[in-house]
Structures are given as C-alpha cells and as structure tokens.
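Trainee: Among the features that TrEMBL reports, compositional bias 'Polar residues' is placed at 244-254. The annotation domain 'Small-subunit processome Utp12' is assigned in TrEMBL to 786-891. The region 'Disordered' annotation in TrEMBL covers 238-267. What TrEMBL records for 137-168, 381-422, 423-464, 509-550, 551-583 is repeat 'WD'.
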Amino acid sequence: MNYRFQNLLGAPYRGGNAVVVNNTLLISPVGNRVSVTDLVKSETITLPSQSSTNLRRLAASPDGVFLLAIDENNRCLFINLRRRAVLHRITFKHPVAAAKFSPDGQLIAVAAGKLLQIWRSPGFRKEFFPFELIRTFSDCNDKITSLDWSPDSDYVLAGSKDLTVRLFCLKKSVKYNKPFLFLGHRDVIIGAFFGTDKKTNKVCRVYTVSRDGAIFSWGCSEIDGNGNFDEPVEVISEPESPGTPDQVQGNNVEADSGGTVKKRKNFDGKDGDTLDVEDRFQLHRLKWELIKKDFFMQAPAKLTACDYHRGLDMIVVGFSNGVFGLYQMPDFVCIHLLSISREKITTAVFNDLGNWLTFGCARLGQLLVWEWKSESYILKHQGHYFDVNCLAYSPDSQLLATGADDNKIKVWTVSSGFCFVTFSEHTNAVTALHFMASNHCLLSASLDGTVRAWDLFRYRNFRTFTTPTSKQFVSLASDQSGEVICAGTLDSFEIFVWSMKTGRLLDVLSGHEGPVHGLMFSPSNAILASSSWDKTVRLWDVFEGKGAVETFPHTHDVLTAVYRPDGKQLACSTLDGHIHFWDPIEGLLMYTIEGRRDIAGGRLMTDRRSAANSTSGKCFTTLCYSADGSYILAGGNSKYICMYDVADQVLLRRFQITHNLSLDGVLDILNSKNMTESGPLNLIDDDNSDTEEGIDKQVRNKLAYDLPGSMPNHGRPVIRTKCLRISPTGRSWAAATTEGVLIYSMDESFIFDPTDLDIDVTPEAVDAALKENQTSRALILSLRLNEDGLIKKCIIGVGPADIPAVASSVPVKYIQRLVEALAYLLENSPHLEFILRWCQELCKIHGHSIQQNSRNLLPALKSLQKAITRLHQDLADTCSSNEYLLRYLCSASDAK
C-alpha cells in the first residue's frame, strides 16, 4: 500500500520560462511542479516537490546540478536535480521577473521588482540560512525584466521596463559603482546580452532587445590588457577640463561653444535628459558606443521572448503572432523566419550546443524543440489543454490512454511518460475509454454521439459505432470476449449494444430514468451493471435479451458502479457521499461506507461556510477496486483521494493530490481579510499587469468562460478527481485530476547508483575489484563503463554460488546491457549451464521490472530468446542422433 507519486502526465505548459541543462534535459514548469524531459531518451519525469502556487521562473546552475524554481508568491525552491530533492527554501519580498546563475555557479542574480539582488548560491551543506545576500542595486526606476552575466561573472546587464539597460559592476575592488546606462529604446526591454570575441572569449559588445522588435548593438572601444572593462576608480574626481568636446565621448552628447554639456541626444535625434559629471566620467572611461540599430520584424506583432547563444553569436526571437526568427550577429543575417503557431511565443531558449531551439506557447499548452540546421522537430510536447475526463490501463499495464474535454485521446507509455500517439477524430469531449483484452484495441465514447475503435498498431480509427439519432455517450463497457460493446447516454437514458465484428446495433436497453454514468460487465459472467441518476443500479442479461434482471434501489442518485475483480461484489457511490457494497448474486446489500467526512476538505472562494461545515458536493464520483479486491480507491469533488479496506470498511489512507493554491478548493480555511461586503477579494479582477511582458496566469477567463453564470470564480480551476484506475498488476494507479494525470506507484521510480558519482570508474578499477573478489562491484563498474569486453569478463568471473547475490545487486537500469551480454555469451561461450543459470536467476529477481519495461527491453530479450532457441535445437539434434549410444552405455553400466 506504500504508493508514492511517480509522474504527472497530460498537464499542459501554462507559461513561465523553460531552461535546458546538460544539453539534453529540457526543464519546464507544469503548474506548481517541475517537468524534466530527456530529449535523447524520450523520457519525461515530474519532480515530486511542489510549490505553493504556479511556477513562473526557473533558473539552472551551469553544471546542471541545482535548480531555482520561483512561484507566483515569490517563494523559491532550491532543488538538487540529480537527487530530485528540495535542499533549501526562501521567500523574496518583491515579485521576481528574472533569475540567473553566474557562469561560475557561485552567485545568483535575482530581479526582485526594481531591485537587482546578488545572492551567494547555496550548496549541499546544511545551514541555518543558506541564502546570503551579497549586494543590492536599487538604481532602476521600474521593474527589471531581463538579466545576463558576463563570462567572468564580474558584470551584470539588467533590462528594465523604464526602457533602459544598466551595466552593473560586481568587482570587490570597486567601492563606488554607478551603473552605465544604455539608452534609446522606445519600448520595454525584453533581453540584454553580452557578446564576446570568439578568439579571446572577451566581452566586446552588448546587444539590447526591446518589445517593439528593435535591437541595438553596442561596442566597447576601450578594453584593458586582460580583456576586461575599465574599472571605475574608488574616488571620483573631475577629469581635466570637464565638459569639453574632447573629453566627452560618444555620438549622443551635444556641447555648446563654451564647452558645457547641455543635452544628451537620443537615437531618434530628440533631446534627452541632462548629462551630469558622473555620467560624463562613465562615458569617458568605458566608451560604449552604438554601432548598429535594426528591427527584427517591421510588423504589428510584439516581440515576446528572446535568447542569445554566446558561442555561435546568434539570437533567437519569438513574436506574439507565433513567428520566430533566428539571426546571425553582429551582421544581423536572418537564418530562419518561420511560423509555428498563431498564438504568442512565451519562451525561447537555446541548448548548450546551440543546435536545438525550444519554444513554448502558453495559450496552446505546448513545447516545441526544433533543430535549425536540419530544419526538423526534435520534440512536440502538448498535454491535454482542458480537463482529463477518463483513463484506461492496457492489460499489460504498460500503456495508459487518456480522454479529455479538448476532444483528443492520447496514449502514453507509463514507464517513459511520453505520449506516442494522439487521436483527434472526435468532435466533442471524450467521456469514456476502454482497452480490449487484445491490448492493441482501444474503445472511446464521446459527447459527439459516436463510439470509436482504435487500432494501436496502425494508429487509425477502424470502426465507428453510431445510433439512428444523435446521442451523447458518457459511459462505456465491453464483455470479456470483446464481441459486444455497450454505451450509456446522457440525454435519452438508454444503453446501446453493438456487435464488435459487424458494427451493427444489436439492442437498445431502456428502463433508466436518468443519465447512465456507470457501465461495467461482470468479470465472471455476461451480466451488465448500469448506474444512473434515477437512484438505481440495474443488472442486465445482454446476451439473453431478457431486459433488467434485477434492480438495486438507493435513496440518492447513483454516480458510478464497479465490480470487484472476482465478480462477487458490486460497489456503487451515491450523491450523499456513501459507498454501497452489494452481493450481485444474492441481490443483498452487504454494508455501507460513509465517506462524506473523509472526502470533506477544501473551501471554495464562493462558499459562505467553512470546509468543516459545508456539505455541498461532498461525494465520490469515481471508484476503482484493487487488483486483488482487498481495498477500493474513491475520488470526487475534493482534493483528497480515499483508500478504504473493503473487508473492515475503514479508511486506510488519504492522498492529497495537490498543494497548489492557484487552484480553488485547496485551502480549508480562507483568510478573513479577503472577505469583503461585496464578496471574496480574490474574485475582484484588479489585475493591471501587462500580458505582453512574459507570463500568462493560469486562468481561463479568455476562453469564453466569462458568460453569465458560467464560472463564478472567474475561470479559476477547481481541484477535483474525475477518474481513477488501478493498473492490472496492482503496482500503480492513475488519477485524472484538474492538474493532469497523477501516477502513483509502489515501485521505486528513482534509483541512485553511487558509481555515478565516482571519478575512479575505470577499467583498472574493474580489474582491481576482480582481483579482490568483489565481483558485484566489478560487474556494476563494467556496466557503468558500458564496455562489452569488461562486462563479459565480469560475468564469467562470478562463481556459480554467487550468481543470485550478484544478480540481485544489479540496478534495474543496467538490465538491458546485461541481457545483451548474456545473449552473446550464450551463442559463443562453452559454459552453457553457467550462462543459463545467470538467465534463470536474472528472471527470478528482476522479473517484474523486465515485464514493466518489456517494450524497451524487447530487442535484447528477442536476441536472448533466439540464442536459447538455437541452443535448444542444437542440443536436441545431438541427443537424438546419439540416443541409442546413450542407451547402450547406460545398460552396459547397469550390467557391470
């Protein structure tokens, strides 16, 4: 029963910036969690840590070890990516619009409102207050929107909403540091970047980009011998003959005949603000001059995201109309200008090598990874944009199908967390899914009036079941043989029966007086159970056609009904929060679980009562038995999922599916300060932030949800569970919630191998471990090195008596390499019995893991099976040809 959170599927990208670490790991915010996608292995995991609200800013250390995740409440999590653990927490006092690690990983620059804060990066040590504030700059007049570090970690560029970019110096030798200003932009600064010389890797230019698409290229004409900026001296003194044209550098300063500086000229030729003595001194010492001014796109579209790759000297920009451009600097040569969507691009980022570009579109909920050299997509990741309504596990527990309100069906590989096919033929919300026993056929029901059958080999809709008049289907079931398909309706209260082979409508079962929201065939016979809002559960004999066999009445509406896996018990939930257990054979009520208090929790913003006193909506809408029928999972309009022991009718455990305060119904007690005479303060729309500046909030009030009476909380999602399914193996279960599909598993999803952090993983270390008779360590080191010769040498070096112990010590992620080595040795080694003993022990110890990952291990298992089959045939031929000789030798030995 020790289920733990394993992964999150189907959740769309809602905004915030994405980062790429180690060149292949794409890290993106998903609600209040962090999703990590391996672009090479095609695997996606979700970190178990949760923030209090939706994440809005991510920053990763240069070595890819640490991650900074900041949410909408300015609460920050400092996460160890390799261990997937939260090390430290901190809350910033101002809204954070940007955060970035220094190139050496020692410092963190945080744009907290108008302040630029420099923090010392925490490490692995346990400290009372690990975050140390080194320095604070308060020179900006408005919110800081972008940050960039120089390669030597001594300078920071900060772009602001006041249309300026400031250059800050962090050198310890500088006591007085007034930032240098880059002026001339006419819109909000989106990005500011340091450009370096490719030969010397020294800073030689600065690029500033604004929201109107303008880019300025600034050159530094005075650099010292070490390739660094000239430092401001500790004591500011007037230069000789201050204000003379010879002393004042730059093309934007106007002096009169007396040598007094009057005005700074902007780049459009208009007068700017006055230039004081300190500004003249900074201009004189640094000599930053505007080299080039250009526009990315002369169009009404706004520039919404940009990134710069210092090694390639390229800039990628994304616009509000879904167009992105890739430009080679400093000549401003357009390499690509393509459209990827019709909605604005909210994030654009390079990977370390610069060959992959990652784009995020919050309105569509998708992330795209594009390789610009081959002009091809590496990844197209898009979850369900609306709520997931239904789930279905495949019979082997390796696939999970999801259907949602966005009319789409997605099929996921549970082990990798990747969606490998999406079906979009339905024209309305998908309400029910069911896997056939053949494992490659999936059924779906929808509100569009069709039931469709999908072939998972050819990825096509090979059969469509319809009715004479259009109906809305909300439930679906199939018998054990797969010959009969049944679907319940929302509007006509009927159950339609089709033939799977011919697609003909066989029968229409009438009798219910309300929507039929639950359908399930008994696992032991051909009896169909249906539950309806007419307060009844009915049993039907579909094959005999006798109509309703028996009716189980209830005092409240019945929301769903499920059979126990042995077919000897039927559980159904009602609107009053009770779960009733019936004996379907005898037709008797066995017992009842009162779950209203167990599921109670969470107060909506519109509730006038506290969560403890509110009784509205406290009921279970979905039930699911365990594989052995010993316990049952129940979920509904609450933040909790309850697990009950069926025999004792007691609550075993409650799972809180989220702690995200951005969703409604998570808090049990609301703050009384937010309650006003006009209603809850959170319902008053006083958000004046500029939506073009970066991050869209995770609300849906822009998607036609503002109709009268549609959503009283202005589109704020309400936390609930719509569907629960336990895998046929019983090792994991899935829940379709407001945040996505949560996967809970008993298997350890993260395996820590200590050899991963050992710098002495060498062939010499393997030989030394074999000499010291440390066969287990030697085998793991060889598997880590992935050297075929060493792996085979270590396998042969294990004693026959030590095979079980060594096989049990092999991590699951190395099983594929070990199986491939055993298949080779079985064909080429004379030690047949020894290798077969290895195969036997490996299957005994890691059988479950091999079954769960059979799709990934299929090539290695096929080669092993081929080697064993060939060996069996050779031995069979040899034994059959020598059968009479063996008999003679046996009889001769008995005669003696």
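Glycine is treated like the rest: Cβ placed from N, Cα and C.
TrEMBL entries are annotated by machine, without manual review.
Situate these features within the shown structure.
Mentor: Across the repeat 'WD' (137-168), the model assigns an average pLDDT of 91.
When Cβ-Cβ distances below 8 Å are used as the criterion, the repeat 'WD' (381-422) is approached by residues 7, 9-13, 37, 41-46, 364-368, 428-435, 437, 439, 442, 444, 446, 448, 454, 456, 459, 722-729, 731-732, 734-738, 740-741, 743, 851-856 of the same chain, each at least six residues removed from its ends.
Residues 386, 389-396, 399, 401-411, 470-478, 480, 482, 485, 487, 490, 498, 500, 503, 519 of the same chain sit 6 or more residues outside the repeat 'WD' (423-464) yet have a Cβ under 8 Å from a Cβ within it.
In terms of DSSP helix, strand and coil, the repeat 'WD' (551-583) has 0 helix, 20 strand, 13 coil.
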Trainee: Under 8 Å between C-beta atoms and at least six residues away from its ends: which parts of the chain pack against the repeat 'WD' (551-583)?
Mentor: 514, 517-518, 520-525, 529-539, 589-596, 599, 618-625, 627-629, 632, 634, 636, 644, 646
Trainee: Per DSSP, what is the residue tally for the domain 'Small-subunit processome Utp12' (786-891) in helix, strand and coil?
Mentor: 94 helix, 0 strand, 12 coil
Trainee: Using DSSP, what's the helix, strand and coil tally for the repeat 'WD' (423-464)?
Mentor: 0 helix, 23 strand, 19 coil
Trainee: Which numbers of helix, strand and coil residues does DSSP report for the repeat 'WD' (137-168)?
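Mentor: Its residues fall into 0 helix, 17 strand, 15 coil.
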